[in-house]
Structure formats: structure tokens, C-alpha cells
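For reference, TrEMBL has these:
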DOMAIN    B:21-108  domain 'PhoU'
DOMAIN    B:125-209  domain 'PhoU'
There are 2 protein chains.
Amino acid sequence: MEREHFSKHYDAELNVIREKLLEMGGKVESMISNAMKSVVERDTPLAEQTIAFDHQINGLEMEIDEKCLEVLARRQPAARDLRFITLALKIVTDLERIGDQCTNICKRARELNAEPPLKPFIDMPRMAQAASFMVKESLDAFVRADADLAIKVCKDDQVVDDLNEQIQRELLTFMLSDPATISRAIKINYMSKCLERIADHATNISEMVIFMVKGKDIRHTIA
Amino acid sequence: MEREHFSKHYDAELNVIREKLLEMGGKVESMISNAMKSVVERDTPLAEQTIAFDHQINGLEMEIDEKCLEVLARRQPAARDLRFITLALKIVTDLERIGDQCTNICKRARELNAEPPLKPFIDMPRMAQAASFMVKESLDAFVRADADLAIKVCKDDQVVDDLNEQIQRELLTFMLSDPATISRAIKINYMSKCLERIADHATNISEMVIFMVKGKDIRHTIA
């Protein structure tokens, strides 16, 4: 009975970590979407709001970190749970840095919105959507301990990398044909790189999930 | 007696984690230095060697991760030691990604070395040196639990950011005056951003160290 009581509380604590992580993931996804909207629709107030919102992401990072430490200290988890908690600790760091990337995009959006538009954004919203979906799936893979889904995310990273290359090539054409576009093109290029980094974070999370599930490290063997 | 025996082994295990982290840090510093050398001295074989060397960094990441999990599972550390180990888990991830950034620099160096030089590199080696020193000091701050040193590292990040801005401005002048330089300038700009990210990782490590030492989270309050 005592044991059952203990285990119920323990499971509840692991669930809190799981749910808080998903909550953080959902908020990060909305940041990616709003950052992109502030770029495409030239919505500077939304950029400002999104920058301010990053505060919530930072708060969640601290909260989840503390919760993990608490469970580690009080419950002495072993094996599977231990991997789950230590991985949660690493994942929050990735999520928090995705929030930072969204903030970086919004800061550049603020600058770009003050200048005449260079061209309509076609590939970049697709890139943002792909990156955001990778973040979502990497967390799904984590909470479900689904290695196959995590492997899919790692492969999807190529799509984002390809879009980034395409955007960079297109911007280069602009810059070559009209030097007056260079300053704006560099800012757009920077935003594209931020999205690429977001996808990299999702890939990193997925690689760690594969390791958690398979119990051996293939982090550095996936091409 | 039994207790003393236990605690001796336990301390030895924590020391292994500490030493392996410093070893990893030293190897990462040498990667930064070699990556920069491959750029400045146009040494493509060194770029290749440095890319290959990243394998060792990845190996150390796995080794330290496993060691941390082992100690968490077998020793049930509390309070201070718990923070030390969970932070070590986060720090290896940053160090591994610094290795990735060095690899990225070397890949661009390989491309740039095949083209005529754009200009001598003056600011970038200074930037690499500053970033590398930040990495070293962030790890020193960690193993000594020295919050003051960690705060210094956070402040030093501004130096690297300023050098990055300066490099970007200078490259922009090149691109504006001669479109033929654009493609090379973009690659150099990318390398400069890689160095900035390395400094960001050192800053992230330092912020976490401050948290570990002070026990409260000032990660998101330092300007």
C-alpha cells in the first residue's frame, strides 16, 4: 500500500515533467509561427509581442529544470526513468534556445519592416512550418519513446537545409544584380539561418531520443 | 570504514567526470585554434584533419553522458553533487556543438581555400581567440564553482559580438563595391557567425554555472 502510494506520486511527477515539456513545446511552436507572421505580414507589433513572450519560455525552462532535479533527488529513479529525466533536462535547453532563435528572427523582422519589401516570402514560411513540425514531432517522439518518429525527424532536417540553400542562392542573385538589396538580403539570410538552427535543435532532440530508446548511441552515426 | 570507502569511490567518480569534461574542453579549444589556422593559413589538409577530429569529441560526449547516468543511478547524489552532475550533462552537449561549429568553419575554409583570397584575416583570429578563451574560462568556472569567473565570461561575450558586427560591416563594404566578392564574403560571414555561436555556447555554460553556484536562476536576468 505504501509502495503503491509512492509509485502513484512518482508517476504523477514524471507526468508533470512530460506535460510541462509539451506545454513548452506548444509555446515554442506558436513563437515560430508568430515570428514568421511578423516577417511575412510585416507586423512589427507582433514581432514585439513575440520577443516579450520569450520570457514565458525562459520561465518554463527553470520550472522544468527544478522539477527534474527534485525528482532525481527525492525518487532516485533508475534505468528508463533516469534516462527520461536526464533527457528532459537536455531537451528544455534546446527548447529555450529555439525561443531565442525566434526572438532573433523578430528583431530582424523589426528592422526589415522599416524598409521597403525586397520580395514576397515564399520559401521561408514553408521552411518555418517544416521546422516547427520537426519540433512538434521530436517532442512527440520523446514522450512516446518512439524511435521511428525520431528517425523521421532527423531525415526531415534535409528538407529544411535544402530550403535554406535555395533561399541563400536566390538572395545571392538579388545581391549580384542590385547592390542596393545587399543589406536587406543579409537580414533575410540571417532569418533563414535561424530557422535552420531551429530545425537543428529538433534534430538534436530526436537524436537524443533515439539514444534513449535504443539504449545505445547512434547520435553520431546518422548521416 | 564502509562509509569512508564509499565516499572515496564516489569522489573519485565525480573527479572522473570533472577531468573528462576538462579533457573535452581542451580538445574543443584545439579544434577552434586549428579551424582558424586552416582559414588564415589556407591549410586545407588541416581543415580535413580537424573535421575528422570531431569524432573524438563525439566519443567523449557519449562517455561523459554514460558516466553521469551511472553515478546518478548508483550513488543517488543529493543537493550540490546533483546539480554538478546534471549540469555536466548539459555542458557536454554545448561542448559537442562547439565541435560541430568548428567542423562548419573547416568546411567553409575548404571551399574558400580553393578561391583567391579576399583579404587578410585580422579580426577573425582575434574573435576565435576570444571565443576559445571564453570556453576555457566557462569550464574553469564550472569545475571551481566560481560564479565571478562565470559572470566575467558572460560579459566577455560582448567583445565577440562586437567583432562579429565589425566583420559583417567590413564584408558589406566589400560586397557593395565589388559584386564579385559576394560569394566569398558570404562564406566568411558564415564563419564569423560560427565563432559567435561558439561564444554563445560558452555564455550558456557560464549562465548555468552561475545558477549552480548561486542556487537561484539568473540565467535570464543578465543583460
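From the backbone N, Cα and C atoms, a Cβ is placed for every residue, glycine too.
Predicted automatically and left uncurated, TrEMBL annotations should be read as such.
Bear in mind that the values here come from a model prediction, so they are computed numbers and not experimental data.
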Residues of the domain 'PhoU' (B:125-209) by DSSP state, where helix covers H, G and I: 82 helix, 0 strand, 3 coil
The domain 'PhoU' (B:21-108), counted residue by residue under DSSP: helix, strand, coil: 82 helix, 0 strand, 6 coil
Local confidence of the prediction over the domain 'PhoU' (B:21-108), expressed as mean pLDDT: 94
